[in-house]
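Feature annotations, reproduced from TrEMBL:
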- GLY83, TRP84, ALA85, GLY86, THR87, GLY88, LYS89, ASN90: ATP binding site (BINDING)
- 253-308: domain 'Torsin-1A C-terminal' (DOMAIN)
Amino acid sequence: ALEPLSVGLALGVASALTGYLSHPRFYCSYVECCPVPLPAALKAQLDDRLFGQHLAKDVVLKAVLGFSNNPSPKKPLMLSLHGWAGTGKNFLSQILAEQVHPAGLRSKFVHLFLATLHFPHHDQVKLYKEQLQNWIRGNVSACPSSVFIFDEMDKMHPGVIDAIKPFLDYYEEVDGVSYRKAIFIFLSNAGGDLINKAALDFWTSGKRREDIQLKDLEPLLSVGVFNNKNSGLWHSSIIDRNLIDYFVPFLPLEQRHVKMCVRAEMTARGYAVDEKIVQAVADEMTYFPKEQKIYSDKGCKTVQAKLDIHED
């Protein structure tokens, strides 16, 4: 027969072990948990990895930190990122996703939608809207701090994205689910021409790029995107109801920024930075306007491919 003391000791050890194993810090080191507090490293990550985008850095950093530090936000955070390809929109959204959920785009709480992949057919808009609502409802129920990224918004069929309007509004709950701690991010090339023109106007007038402020571009973007028939936000109720917290402009990149991208890519590959190669890759990019050749027309998008041909 077991001694009472032995039984008591065994039960005590088992209880302590169960408590330790079920402790969130131990459990979440092996299984991804939600919510995850936003690390303080966001600013450093943006400073080190995103080049030539002083506006985007400043706006997103303040918006995200303010949102994450608010114990009771009135609505989800909604950011709409605009600019030409290669300027850093996807990159910034990935950095942000990694800071909210360390697994980034691999996290089960981060969801990426591509317009041409997930919503390809114009005659299926009604079905897409139903599927999108069900998908978001289910995932926010599982994790209130879910992140939803919608890429290629300029290729989205008008009307599809309005399906998420109830989740972005100032409701405490929708059908018993609160969406107030979720983050929604739109990525779009729409409005890129407006941003580029404004940047060029600043350059022509002799003003510094860093003097461009959000107030110089955000009103142009909101109106331009709303009236752009080639945008998924064309006449969208999301804009009409002022549910997008920030229209974030991504400026066209100059050659000096392209060089920063080349150096960062060489470092990421474990190479010593060779300035001759950096210059060679930058020189192979094409720039606009044709006469002044100020801005890279592809941003940093083709840096990796161009660097490949310079490998020994």
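We number each residue from 1, going along the chain as drawn.
Each Cβ is built from the backbone N, Cα and C atoms, and glycine gets one as well.
Long-range Cβ neighbours of THR87 (ATP binding site) (same chain, at least 6 residues apart, Cβ-Cβ under 8 Å): GLY52, GLN53, PHE250, LEU251, PRO252, LEU253, GLY299, CYS300. Taken as a whole, the domain 'Torsin-1A C-terminal' (253-308) shows an average pLDDT of 95 in this prediction. Counting only same-chain residues at least 6 apart in sequence, those with a Cβ under 8 Å from the Cβ of GLY83 (ATP binding site) are LYS89, ASN189, GLY191, GLY192, ILE195, PRO249, PHE250, LEU251, PRO252. There are 15 other Cβ atoms within 10 Å of the Cβ belonging to ALA85 (ATP binding site). Of all Cβ atoms in the shown protein chains, 27 besides its own fall within 10 Å of the Cβ of LYS89 (ATP binding site). Around GLY88 (ATP binding site), the same-chain residues six or more apart in sequence whose CB sits under 8 Å from its CB are LEU50, PHE51, GLY52, GLN53, ALA56, PHE250, GLY299, CYS300, listed in sequence order. Cβ-based neighbour count (10 Å, all protein chains) for TRP84 (ATP binding site) stands at 22. For the domain 'Torsin-1A C-terminal' (253-308), DSSP puts the residue distribution at 30 helix, 5 strand, 21 coil. Annotated ATP site GLY83, TRP84, ALA85, GLY86, THR87, GLY88, LYS89, ASN90; additional same-chain residues within 8 Å of its Cβ mean position, judged by their own Cβ, are PHE91, ASN189, PHE250, GLY299, LYS301. Listed in sequence order, LEU253, SER296, LYS298, GLY299, CYS300, LYS301, THR302 are the same-chain residues six or more apart from GLY86 (ATP binding site) with CB atoms under 8 A from its CB. Within its own chain, ASN90 (ATP binding site) has ASP151, LEU187 as residues 6 or more apart in sequence whose C-beta sits under 8 angstroms from its own.
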